Amino acid sequence: MQLEKLQKKLGHQFTNLDYLKQALTHRSAAAFNNERLEFLGDSILNFAIGKALYEKFPKSNEGELSRMRATLVKEQTLAVVARQVELGDYLKLGAGELKSGGFRRESILSDCVEALIAAIYLDAGIDVALARVYQWYQELLEQIKPGEAQKDPKTRLQEFLQGHRLKLPEYEVIEIKGDAHNQSFRVSCKVETLTDVVFGQGTSRRKAEQHAAQQAIEKLKIK
């Protein structure tokens, strides 16, 4: 019954439920997990969003289209999509992940969305998979528009500092916690015009640096 409810939320009734079950299974729970589906779903999602943006913004250049796509397929956005269907309630996690609140973790939720896209593709074909992506992303695609806000925090911070002829920020990993498959990075970011060092956290060094850059942007009040 639980999976029946989820399928209604997703807008797709699976012919082969094994695809859905695999998409919901995190690597901490079983060897037969969603990692391969996630790989395939990532490619389908990038194509789907790229196609939608190409058609919606005929005057936008490659850089603007790439930045908008990055905004729509990033971890935080995928986690928003996951929460719309309360995906965390249906995840199959190992005991450790369950205890640490893995069903709320953005990285796990976002990976599962990508896996679900692949599962729908394998179950019903590319047209159905694309239709579901556009259904889930309808509001986000309506709201997105070209502009500075689409640039990632590190790029925005760097361009601001270069524009004011200031030194580039210095990032340094100061702490790594957790097992290899579930690491958390803490990064410091030194900016010439800020008296205090800012910090960021994330499931990878890159994400932690982006988070730290965002903290610097907010302190510098960069628009």
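One is the number of the first residue shown, and numbering goes on along the chain from there.
Positions of Cβ are set from backbone N, Cα and C atoms, glycine also.
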According to Swiss-Prot, which candidate in Glu38, Glu55, Glu172, Glu175 joins Asp111, Glu114 at the Mg(2+) site: Glu38
Under 8 Å by Cβ from Glu38 (Mg(2+) binding site), counting only residues of that chain that are 6 or more apart: Asp111, Cys112, Glu114, Ala115, Ala118
DSSP-assigned states of the domain 'DRBM' (152-222) in counts, ordered helix, strand, coil: 27 helix, 20 strand, 24 coil
Most Cβ neighbours inside 10 Å, all chains, among the recorded positions Asp42, Asp111, Glu114: Asp111
